[in-house]
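Just below is one structure, and these are the notes that go with it.
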Amino acid sequence: MAAATPTFKLVLVGDGGTGKTTFVKRHLTGEFEKKYMATLGVEVHPLGFSTNFGQIQFDVWDTAGQEKFGGLRDGYYINGQCGIIMFDVTSRITYKNVPNWHRDLTRVCENIPIVLCGNKVDVKERKVKAKTITFHRKKNLQYYDISAKSNYNFEKPFLWLARKLVGNNALEFVAAPALAPPTAVVDQELMEKYRAEMDEAAQMPLPNEEDDDDL
């Protein structure tokens, strides 16, 4: 009998319109096999990845847009084993709201591994710059620039979470999942520039708690 695939509940949160559903729908198998939970108004996408230690699966809980009507019910967070908080790099308010999502997530799930993702880096008019993205450093989260529409860095958050959950930094993804074709293109030179800016920002002291733009 085949061993059961290790499966983890991943809670995906962030303001409405930041691209959470677009992101999770990129994984075609997960999109095909998703299940709708009417009681919570949630779509659960089973996202499978092949690793050098065998298969691993994230059951990604997506709110299906109900976050637009206020906070999410605790049932959404309960038994969450890892999380992704998403904001839109073209919208400052979505980044300003990240601490609220983090507070809700950790209030129920406590000390779980969390990745902060800045989506839509394919859009040239970036508003949330590297030097202002400091929240992850204060709370010991991982951060990635992503572009859901172009599949840029799609696997990075899942790989980081998988390593944390399995407790092994030698874990690697050995086969790419089937992803939807890109509907946007990222400028690779610009992505390199963003990466360099994030590396540089990581060396800077954190702003004081009193600062208005302290996030």
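Including glycine, each Cβ sits where the backbone N, Cα and C put it.
Keep in mind the model is a prediction, meaning the values are calculated, not measured.
Taken verbatim from Swiss-Prot:
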DOMAIN    4-168  domain 'Small GTPase Ran-type'
BINDING   15-22, GLY65, 119-122, 147-149  GTP binding site
REGION    34-42  region 'Switch-I'
REGION    65-81  region 'Switch-II'
Inset, instruction - Could you check what DSSP calls ALA148 (GTP binding site) once collapsed to helix, strand or coil? - result: helix
Legend entry - Structural state census, the region 'Switch-I' (34-42) (DSSP three-state): 0 helix, 4 strand, 5 coil
Inset, instruction - Express the predicted model's confidence over the region 'Switch-II' (65-81) as a mean pLDDT, rounded to an integer. - result: 79
Legend entry - THR21 (GTP binding site): tally of other CB atoms within 10 A of its CB: 17
Inset, instruction - Compile a sequence-ordered list of residues in the same chain as LYS120 (GTP binding site), six or more apart from it, whose Cβ lies below 8 A from its Cβ; state 'none' when nothing qualifies. - result: THR18, GLY19, ASP88, VAL89, THR90, SER147, ALA148, LYS149
